[in-house]
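J.: Swiss-Prot feature annotations, pasted as is:
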BINDING   14, 100, 192  [4Fe-4S] cluster binding site
BINDING   43, 78, 128, 164, 220, 221, 222, 266  (2E)-4-hydroxy-3-methylbut-2-enyl diphosphate binding site
BINDING   43, 78, 128, 220, 221, 222, 266  dimethylallyl diphosphate binding site
ACT_SITE  130  active site, proton donor
């Protein structure tokens, strides 16, 4: 049956993620030995396996104690607390920083405003490594909200930033709450421009598609948010990690004429292309 398969604009690797993967490969070749990343370099199991094949391994911060002087540690795109970089360097480790420049920008804004006496509010997931890292640039003192419950006791002088992959509607909701309660507000909409474009693109795509596949790691924040946006517009939206999770029975529905494909910022082109090729085969 003839079907229309549409790939969303800006699907797949974002600038920061591609840069981190490229840096990891570059340093492995440069040093000619194992490279350690603090946590998975990106939230995609297929890419993590690819990196391991290239002698690049994820470790937890606690594992750094067992590393030897001269071992190479790469800070991933999500970034880390300011103190972590100092601690690793003090251990005699070679520290290479692949923090996404957009995240670095947030970290520096937070540090400056915190030093100027502003209470920091971060709109995002308190358990996400990016948010944990940002909080470390204001002495772990930030108020962190995901917008699901109203903020209480909002200080009079605040600086507001966002996780780069946050939904714009959540940012706007929280900011409106703060505007009603605070007298002095410095607000930086730090949602990554690529995230914003990606979210708008999938919203439009899911309006015209009968079926949507959102490709990306199940532990990927931005992929999950894309899936949530798609599900609102197209009930037949499914989050899959790769072609192995493609449920072929979904394609047997003859009412499905247009299939939308999008992918998170941690999903490489080859995984996207495998899914598209499989759909076209069926």
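Each residue, glycine too, has its Cβ placed from N, Cα and C.
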J.: Let me check the 10 A CB neighbour count of residue 222 ((2E)-4-hydroxy-3-methylbut-2-enyl diphosphate binding site). How many other CB atoms are there?
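T.: The answer is 27.
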J.: Between residue 14 ([4Fe-4S] cluster binding site) and residue 78 ((2E)-4-hydroxy-3-methylbut-2-enyl diphosphate binding site), how many Å separate their Cα atoms?
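T.: Rounded to a whole number, the Cα-Cα distance is 13 Å.
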J.: List nothing but the largest Cα to Cα distance in Å, as a whole number, among the residues 43, 78, 128, 220, 221, 222, 266 that the record says bind dimethylallyl diphosphate.
T.: 15
J.: Which binding-site residues are spatial neighbours of residue 100 ([4Fe-4S] cluster binding site) here, meaning Cα within 10 Å, out of 43, 78, 128, 220, 222, 266?
T.: 78
J.: Taking 10 A as the limit, how many CB atoms besides its own sit near the CB of residue 14 ([4Fe-4S] cluster binding site)?
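T.: Result for residue 14 ([4Fe-4S] cluster binding site): 24 neighbouring Cβ atoms inside 10 Å.
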J.: Report, in whole Å, the straight Cα-to-Cα distance of residue 192 ([4Fe-4S] cluster binding site) from residue 78 ((2E)-4-hydroxy-3-methylbut-2-enyl diphosphate binding site).
T.: 12
J.: For residue 128 ((2E)-4-hydroxy-3-methylbut-2-enyl diphosphate binding site), which of the three DSSP-derived states applies: helix, strand, or coil?
T.: coil
J.: Determine, for the dimethylallyl diphosphate site, the additional residues of the same chain whose CB lies within 8 Å of the mean position of the CB atoms of 43, 78, 128, 220, 221, 222, 266; present them in sequence order.
T.: 42, 130, 165, 217, 219, 223, 264, 265
J.: Which chain neighbours of the [4Fe-4S] cluster site, leaving out 14, 100, 192, have a Cβ atom within 8 Å of the mean position of the site's Cβ atoms?
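T.: For the [4Fe-4S] cluster site, the extra neighbours are 15, 16, 17, 77, 102, 103, 164, 165, 194, 195, 265.
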J.: Near residue 130 (active site, proton donor), which of the binding-site residues 164, 220, 222, 266 can be found within 10 Å, Cα to Cα?
T.: 164
J.: Starting from the Cβ of residue 192 ([4Fe-4S] cluster binding site), draw a 10 Å sphere and report how many other Cβ atoms land inside it.
T.: 22
J.: According to DSSP, which of helix, strand or coil covers residue 266 ((2E)-4-hydroxy-3-methylbut-2-enyl diphosphate binding site)?
T.: coil
J.: For the binding-site residues listed here (43, 78, 128), which one has the lowest count of neighbouring CB atoms within 10 Å of its own CB?
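T.: Counting other Cβ atoms within 10 Å of each of the binding-site residues 43, 78, 128 gives the minimum at 128.
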